[in-house]
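Working notes, structure below.
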Amino acid sequence: MPTSMLWAVDLFGRVYTLSTAGQYWELCKDVQLEFKRVSAATQCCWGIACDNQVYLYVCSSDVPIRHREEAYENQRWNPMGGFCEKLLPSDRWSWSDVSGLQHRPLDGVALPSPYWEWESDWYVDENFGGEPTEKGGWTYAMDFPATYTRDKKWNSCVRRRKWIRYRRYKSRDTWAKIPSKDDPKELPDPFNDLSVGGWEITEEPVGRLSVWAVSLQGKVWYRENVSHPNPEGSSWSLVDTPGEVVQISCGPHDLIWATLWEGQALVREGICRNNPKGNSWSIVEPPGSENGIMHVSAGVSVVWAITKDRKVWFRRGVNSHNPCGTSWIEMVGEMTMVNVGLNDQVWGISCEDRAVYFRQGVTPSELSGKTWKAIVVGRESDRSHSGSSSSLLSAGCFFGEEVRGSGTESAPSDTDASSEVERQGPERSLPKESLDNSRNLKGSSSKGHESTRNTEDPMENACLAEGQAKAPKTSGPDECHGPAPTPAELPWTNIDLKEPKKASNQPAAGFPETSGLSSLGLFPMGMEEPYGADDHPLWAWVSGGGCAVEAGSALKWFTVQSGLSPSVQTLSLSITPAQTAAWRKQIFQQLTERTKRELESFRHYEQAVEQSVWVKTGALQWWCDWKPHKWVDVRVALEQFTGHDGARDSILFIYYVVHEEKKYLHVFLNEVTVLVPVLNEAKHSFALYTPERTRQRWPVRLAATTEQDMNDWLTLLSLSCCESRKVHGRPSLQAIWSVTCKGDIFVSEPSPDLEAHEHLLPCDQMFWRQMGGHLRIIEANSRGVVWGIGYDHTAWVYTGGYGGGCFQGLASSTSNIYTQSDVKSVYIYENQRWNPVTGYTSRGLPTDRYMWSDVTGLQECTKAGTKPPSLQWTWVSDWYVDFSVLGGTDQEGWQYASDFPASYHGYKTMKDFVRRRCWARKCKLVTSGPWLEVAPIALSDVSIIPESADANGRGHNIALWAVSDKGDVLCRLGVSELNPAGSSWLHVGTDQPFASVSIGACYQVWAVARDGSAFYRGSVSPSQPAGDCWYHIPSPPKQKLTQVSVGQTSVYALDENGNLWYRAGITPSYPQGSSWEHVSNNVRKVSVGPLDQVWVIANKVQGSHGLSRGTVCRRMGVQPREPKGQGWDYGIGGGWDHISVRANATRAPRNMSRDQEAHGPGPVCC
């Protein structure tokens, strides 16, 4: 789970953040402002300061926020002077936008606010539809509203060119004031409340936010055009309400609730993709007539509320179809406010002790949770206090008395112990008023939502005889600490508290004064702390809109050891998990060596049993190879025997019945090349391949009744195959990695003769074993760095382990295995045909496709009948319309065409008689494997530099390039064998979004844009990892490229039609090459290795018995003088979707024949 932030404001207006992986509240970097309340999203936070102005805090990121400004220069031809700026009176402006309706001179385009800066000056865009234009960037047409082309024709009477300029948002990690322009709609009064949400509105474009605000006059305002490229938005618009609003809350989806002065709640209805502001309000009555609602918080499927008597309420039956819900349920506890974050997790601030509480037990099946638990972590400034007290460990009375004192008490609860540890210490710096209040509160108790108890500090008991003042410690939400007034004395809007005075810094009685103790009363930069060193902060507001906490996740906010002082706690925390893991590994290594020494003395004894046999039997289903092709019940037996030399081998027997005659089929597991799970909605099945069955494209398919049974058999058979081939442990540095269309990861160890020119090993004899995890793309390097990308664009890095998933605990490493999740979408299509009576309906012709089908129209797929890809996946969303399909859509998501097998477009014409609409639904898989997440940027492609075995690059960092899901090109810094995840991203500017990137062995970087154009990055080197500029490379004629792969000297590219192209003419003096040469068709993915070897995933391969889709293929005959090769060698398939051979730098033995010697030396880096 990636780290995220919980935001909070204390009573003094200071903004703090708490990481889900942290144990301290960190003060916001910009401390000049004091805030009343904040509302957070994933990448930003909005707030209302004490000056009643709205501010925006955008978190820093390696990827900048860039916005492209465009202007078009228009010219018309005349017989006197040719093309000039003199236009006809009916023409558009000489400088305009793309439509020509708006005047847009270059000097008239200004920055929207002081928080933006220009990246460069205006320059001409010489890219037109993926093809480079002539010098000057002009495109020509017969008239302005016509279609433009790159080439000038005899009837080209007008021309235009596009000027572009990028601006960058520079206000990161600081509060930026939202500008208020002088216009008639300027705010009449200051803001009182603000809420951010709506980033997951169904069908909403990624990055859009909904910002709602309430003024002191009770009016509701909406911020227009807030999105990731435009974080400030454009303007405020007034939203009519039936009454005066006090407070408003916007959930991540389409829930918006507000509270009225009269105590009722307002619910906004009609929110959708095309209308994020909604269209009407509905009134919801409060739980009781005596106490109205004063605070609400909306989530994804929940709404929580606080009434005027501080009671907490949960709204039942809330969802997108019924935003008003059904009824109120009273919850335990009294809060001043609550906030619902991501995944419907809830935080609140207690009205008694002003502490932040987290609602535990919130799950999709139990949205109300189970209990409140206090967050007991301290502030980051408290680290020096707890750390300096560690020097007192040498004082015997301190450590001994504390242990004796703690032993006389009963074990406290987690919350009590955490609060007690947080407030203990060898020196008290509480103000005198606070100590007096503590004495007055001694022995008192109040009614609350959780059981509380009073405990005394054992440290103070030990030092009471020395004259140290004893202050009883209180904990729990029902006790008040420090100068906090009672709830009745707290104003709702204006909080004006005086800072408590500091107590004099004197050393504790009985302890020598040390530098560590004296530092407890000092604060950095002369800044006074509003709390004592042992006080917990008093909170006024909390926001979890950007805090992602999954149900059941272990947080460090509550796990503080009970009965230990801060000094002992600091000591225990100083032992890092890495040190603990190293200590365990050392013990394991010593035990292993001892076992070897003890067994060495008995090796000369003869074995008592020369040969052993082990058999496992079970019942499975087998897909019959002959008619009628169907699943039949069979008995299977795995017989494993150990030979005289200790080698193990296994045979799998499949017993079946044909026409009442018993027969069997046997497979030697040392001949099995791969065991692969099969994507099946209704069966837990897997396939077994041998070299012969790989050539036939007809594997042995088996199915189990349960997923656990299938995993058991799959694990056992895979382990037996690995033992037969003596393959164990983590993959080698030269391993070949691949991914199936199901997301399963497979790895193969290359033999020395795999890339030999003579007597090479056929691909169908390669042995593949499965690794735990789930990925869509994988990329490897010969120095052991392996990265992968999931279906949800999450980046993962290989940890060095092996196994995981179904192999956990049996054929898996004990360390470096972590939980991994992935999310993908399932798509179905709604088809309709037009008729003159009723228009478009779901009644088609008898020859038409199904009205609910897949993308091909050949298979019927309804909403109710469509299931997740396999039983391992679970639905995590409802069906929604997908507006991002190729060709565009109208406002309702429809695409139109003349007939179903034709091309679709997003607008209706007179000849369009059919239409379709794409529906999507997300599903999630949770597994485990040797992978760690690389946060926080989502990626769509990644490339690691391939290095040959004799390359002298061990001293340099490993070059890694990637493309984000938004199309940004990134370069990863700090990647090495010891740190495969790297340290940070370096953004590489582009003029358009990219789709693919690849770096070669000599730091030659090639990339493909989303419009199909190719680019080469110049001057990339270890000292200049990002290079200097992009060179536009013309694509193959009438083709749009989708992927590129670069080896040592070879560059291969793939177009959208499955054609494979080779870039010819690449030399050290001209690394861009001269032309594209066609190599093959029927290709889905390509991977070029450090030896310029070429491997692909073929779309279709015909075998002797069947057809396979997605087959691993190797290009044969690739040599320095024949870089394109001469044919294909077909390997494992089908169902494979990605392969990476960029780690395989294993050269063939040097028994070169005369023919090989005639080819001359190897390739030279460009």
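Glycine is treated like the rest: Cβ placed from N, Cα and C.
Per Swiss-Prot, the listed range annotated as region 'Disordered' is 1147-1166 (candidates: 187-206, 267-286, 807-826, 1147-1166).
Note: SER943 (phosphoserine) has non-local neighbours GLU779, LEU960, TRP961, ALA962, VAL997, SER998, ILE999, VAL1046, i.e. same-chain residues 6+ apart with C-beta under 8 A of its own C-beta. Across the repeat 'TECPR 6' (958-989), the prediction's mean pLDDT works out to 94. DSSP assignment over the repeat 'TECPR 8' (1049-1080) gives 0 helix, 18 strand, 14 coil.
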